[in-house]
Each structure stands twice: as structure tokens, then as C-alpha cells.
Amino acid sequence: MESVAWQGLALSGIFSWIVIACYFDVTNKFRSLLQPWVSHRVVRGTSTIIKIQKHQHKFLDAFFSGLSCVVSVPFYTAFLPLLFWSGHGKLARQMTLLMAFCDYLGNCIKDVVSAPRPNCPPVRRITATKDEEDNALEYGLPSSHTLNTVCLSGFLVYYVLSYIQNEDACVKLGAVTLACLLVGLIGFGRIYLGMHSLIDIIGGLVVGFVILAMWLTVHEYVDAFIASGQNVTSFWAALSFLLLFAYPTPEVPTPSFEYHTAFDGVAFGIVAGIQQTYHQFHHEGVPRIFTSHLTVPAFLGRMLVGIPTILIVKFCSKALAKWILPVVSNTLGIRIKSTSYIPMLSGSTTEKKSSEIKQSSYFHKMLFFSNQDLFDVDTGIRFLQYAGLAWSVVDLVPSLFSHLRL
């Protein structure tokens, strides 16, 4: 009963916050206070960026661009399934949920403040990949790369030191030093690449350390709840649904909400899959890589089976969602629109208007849908697509490993 009670209180609290934030227009009030101050710091920091970029070199361009890719969301998305399949399920699921929380909170702050990135020109902005081009469309404060690096490298150091149970002070100091060096290089690199101002990096550091400290306090409780709690899947489904609404409307639409939707789906898929198969595939006694029970050749076999499987599931989940959601919406009498996934539902309105619909007041849509002209179905498609992908990583693919004796 206690578990059900706190779940109800948590969901009620989030719902109440959505109501209060919408009624009192909290986002715009915070933005009016913070945006001018942050924007002023961004403008003042332009001269510092230009001074740093005077030392530009092709090697530095390639080094910092590559380093940014290594700590980017696509890299973590590719790396975390391999971590699950290596036998370190606890580390993988905790880093996945931590990543989802970092993405949600960081992007919320970005869109609440809606502070610009450094002006280009005069700043030289280097976007070596499509992912970096998309990142440049987001607002600046805080730096997501810096925030994510603080949280994930900090938690990885904590986990490894706890796992090996090494009490040597030199080893601990060395691990912490390496993590700090990585954070420093990422922060400096984001400035060098013209992607962020100093205030964005400082914001990423502060928010990152706050999230890390909080996660280190609650991660064991969260993990225990996922592994053996009551109503886990239903609770997380309701939480994921509410978090789609508990997201601020930015001054101008950006890709940030799309990233949040994707990771919201990933977190739900991971939790639902692990809760169902914890005792089969994710307990602490599963074979781990570099042991006699899971050799390197066997792990390579897992990769050859697992990677194509999750890509197929992602494609099928997207196709299924594109078929089911319009049918359900039409059955319920909800008028829908698709800005990218379903061309037939693009409508005759301009792209700008469709973007405004996509990130308008979600609470207004939820409670007063009869007064809303169109709904962007892409949010639901993206959520289900990534939920299916994540579920396959922790449920379907391990089942295949079991049948193939990998």
C-alpha cells in the first residue's frame, strides 16, 4: 500500500505542477527574469570566444569535434545497448535513466530560459556532423554536452570504484582526475567550436553536479523499484505520459522537445522490459564479458545478432505507430497533423504554423482538446518508436541470446 500511495502522490504532484505552471504562466515569468541576464552574458562572452578561436588549427577542429561526438546523445544511444549485453545490466539501466533525466531537465532549462548561442558571425561555429547542426538549433544554456559528461562520467567513476572495491587513494584520485580532465576538455571544446559561451558551460557544470549528487542519493531506490516494485510498468507509463505535458513551451520551437520525447520513450521501454525479465536476464548473476561465461567471441556474436534486431524493431515500431495512432485518433474524433512522419497529414498550413502547433500548450491540449484545431501525432510516433527500440534491447534481444546460447 505504501508503494501505491507514493506513486499516486508523485503523479498527482506532477499533474498539479502542470496545472499551476499553465495557470500562472510560470515559464514566461521565469524567462522574463533569466533571459535578459543570460543573453547579456552571452554577448559579453563573445570576445573571449574570439580570442580562443584565434588559435584555431585543423587538428584542434578535428580533436574537439571528435570529442564532442564521443559524448553526444547518438554515441550514448549506440553504447548503452552494448553495455546491457556485456552483462553490466545495473550500470546500463542506471546510466540510461540518468541520461534520460539529464536530457529532460537540461532541455527544460534550455527552453525555459530560451537564451541564444553565440552569434555566428563573428564567432566561427564548427558543426562537423548532422547531429551538431541539429544541436546548433537549440538554445544555449546549459551546455548539454557538459551536463551529460559531468553526470555520466561521475556516475561511471562511482560505479567502477564501488564494483572493484579498491580502497587505494591513488586509484580513486586518478579516476576522478581523468573524469575532471574529460569534463574540462568538453567544456573548453564547446567554446572553441563556437557552440557555447562560458555562461552555458558554467550552467552545465552546476546543473550537472546537482543532478549527479541527487542521483547518487536515490539510484539504489530507483533500481530496487524497477527490479521488484509494484505497478512498475503502469506507473512509468503514466509518468512518461505526464512528462510529455510537463515540458515548457520555448520562445521559438527547437528540436529539444523531440529529444526529450525520444528519451522518454527509451526510459519507458527499458523499465517495462527489465521489470518483466529481471530474474531471467538482468539479475546480478548474469554472465559478464571477459569471463569464461561470456568470452569476447561470444560478445561479438551478441552484437551481430542484437544490432540488426533492434534496428528492425525500431523500423517496425515506427511503421506500426504511424498506422495505429491516426486510426485511434480518428476513432476518438481527435483531429491530427503530422509535421514530418505522415505526409498525407501535413495539411495546407505553413511549416511555421505546424511547428507552433507542435510545441503549443500541451496542458491545453490535454484538457481542452475539443477546442484545439490539430494535434501533432509525431510526438506519439516518436515515443512508441523509441520505446519499442529500448524494449527490444532488454527483452527481445536477450531472449534471442538465450535461444542461440550466446
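Keep in mind that glycine also has a Cβ here, set from the backbone N, Cα and C atoms.
Note: TrEMBL annotation is automatic and uncurated.
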Stretch carrying transmembrane segment according to TrEMBL (options 94-113, 294-313): 294-313
Considering the transmembrane segment (145-161), which listed stretch of 173-192, 198-218, 225-247, 294-313 counts the most C-beta pairs under 8 Å: 198-218
For the domain 'Phosphatidic acid phosphatase type 2/haloperoxidase' (92-216), the mean pLDDT of the predicted model: 91
Helix, strand and coil counts within the domain 'Phosphatidic acid phosphatase type 2/haloperoxidase' (92-216) (DSSP): 92 helix, 0 strand, 33 coil
